[in-house]
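Heads up: the structure comes next, in structure tokens.
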Amino acid sequence: MPEARTELKRVLGLPHLVLFGLSYLVPTTILTIYGVATAISGGRLPTAVLVALAAMLFTAYSYGRMSRVHTSTGSAYVYAQRSIGPRSGFMVGWTMMLDYLFLPLINYVTIGIYLSAQFPAVPAWAWVALFLTAITLLNVRGIKVVASVNTFIVGAQALFMALFFALSLRHLLGQGDIHPLAPFIGTGLEVLPVIAAAAILTESFLGFDAVTTLAEESKNPRRDVPRAIMLVTLLGGLIFLAAAWFGHMILPGHGFADPDAAALDLMGVLGGSVLTALLTTALIIGSCGSALSSQASVARVLYAMGRDGALPRRVFGRLNPRFRTPDLNILLAGVVALGALFLDMETVASFISFGALFAFSAVNLSVIAHFLVRERLRSAADLLRYGLLPGVGLAFTLYLWTNLSGLAFAVGGVWIALGVIQLARITGGFRRRPPVLDFSEKEEDPGAERDGAPAARDTERG
């Protein structure tokens, strides 16, 4: 009997990959952080978006270069582990856990902010508690978001953004005198506020690298995956830039009564209560889908780390015997998400950006380490492709990283210190190689040996 083929069918072309990537850069993401980023930038949000986009384009280039080397894997952890070293890879993966842990939290913050604004009689904490409990219980039971539902969510949000742009254009055409460069200049030329806002905005770009997870289903992964990563980053950045530009033109300044819910002020000017209700609906639907998938994702990652020995196996590497889900990990993710009861959007976005920029820096450094150090490519063209371009990306991401808030560095610093302690514990004082983590969803015997680590998506966004 012939042996069954296990390879995935290679049916995806460049357009499919780009659409898939854009589905992870949720169109309304920029609106959830619009007011906070505008206030931080001093009213020059479009300029901050341009800075963030430049950093992400260089990083997307580095992801594309590494995707040609590791055509079946697509995570910053894998790139760092194989190019820089296993211990560095472990620390990158550990720091990425901040993204995994706090991504559900930002969805609950969004739910609390916008539902309490729409229904003032009910406090934000009540909405957070209600949705957090329901989504945690659904995850424990193993209910997953169906792909068609996710497609509907992304499509609905894309339609909302198209409506927002159309109404914005109509509003501006009726104003007469328009100064298109005003949103980029604002009321001053201070650089640091713009850089600080750009650092926060990197959270909005999370997911552009998800294209790498489809490499095994791509018709020509070495050509199309790098192109798709660049196109997704560029198109997503242009959508964010357009939203920021229209927002400033419609509602200049940055003195919002509630920066966390400033997008509601925008919609109120354009379409009154009807458009604000539509925005709230779009954000809540998207946040619920994202919270459900991202909370399941962090539980899966914790389970993988427990199963592979990076965390205590008895706690993190077990499954619920009835539902076959990592219930303790799901509950832990729910406990972390309780931070939505008292943390604001800016703080949560800073925590996420800390882990994201750390991982992005690692990918840029991985290109240099792999091609210039390991492969010893030293021609002028090689130095440009594998030295200068990723080096600029590394400088960008490190500079943005250092401009995050002190609180983000305090939390991130403690987390990194805990990672170093855990790495020392599992390697016998750094004498052994750390375990290779497998973030796939296979339910294997916890003691089973494995040769490598299949691809893991760096982020889960909704």
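Yeah, the Cβs are placed from backbone N, Cα and C, and that goes for glycine too.
Here TrEMBL flags 12-37, 43-63, 97-116, 122-140, 152-173, 193-215, 227-246, 266-285, 328-345, 351-371, 383-401, 407-424 as transmembrane segment. The domain 'Amino acid permease/ SLC12A' feature in TrEMBL is assigned to 16-375. The region 'Disordered' annotation in TrEMBL covers 437-462. Summarising the annotation, TrEMBL assigns compositional bias 'Basic and acidic residues' to 445-462.
In this chain, the transmembrane segment (227-246) does not touch the transmembrane segment (97-116); fewer than three CB pairs sit within less than 8 A of each other, excluding pairs fewer than 6 residues apart. Put simply, of 12-37, 193-215, 266-285, 328-345, the stretch with the most CB pairs closer than 8 A to the transmembrane segment (351-371) is 193-215. Tertiary proximity for the transmembrane segment (193-215) is limited to same-chain residues at least six positions away from its ends with a CB under 8 Å from its CB atoms, namely 12, 16-18, 20-21, 24-26, 29-30, 33, 36-38, 40-42, 44-45, 47-49, 51-53, 55-56, 60, 63, 67, 71-76, 99, 103, 106, 221, 225, 228-229, 232-233, 236-237, 240, 346, 349-350, 352-353, 356-357, 360, 397, 399-401, 403-404, 455, 457-461. Counting residues 6+ beyond its ends, the transmembrane segment (12-37) has Cβ neighbours under 8 Å at 45, 48-49, 106, 110, 150-151, 154, 157-158, 160-161, 197, 200-201, 203-208, 210-211, 214, 217-219, 224-225, 227-229, 231-232, 235-236, 239-240, 243-244, 247, 256, 258-263, 265-266, 279, 282-283, 286, 290, 344-346, 349, 459, 461-462 in the same chain. Residues 32-33, 36, 101-102, 104-106, 108-113, 125, 128-129, 132, 136, 139-140, 259-260, 291, 295-296, 298-300, 302-303, 306, 315-316, 318 of the same chain lie 6 or more positions beyond the ends of the transmembrane segment (328-345) yet place their CB under 8 Å from a CB of it. Between the transmembrane segment (266-285) and the stretches 43-63, 122-140, 152-173, it is 152-173 that has the most C-beta pairs under 8 angstroms. Between the transmembrane segment (43-63) and the listed ranges 122-140, 152-173, 227-246, 407-424, the one holding the most Cβ pairs under 8 Å is 227-246. With a cut-off of 8 Å between Cβ atoms, the residues of this chain six or more beyond the transmembrane segment (152-173) that come close are 22-23, 26-28, 239, 242-243, 246, 249-250, 267, 269-271, 275, 278-279, 282, 285-286, 289, 462.
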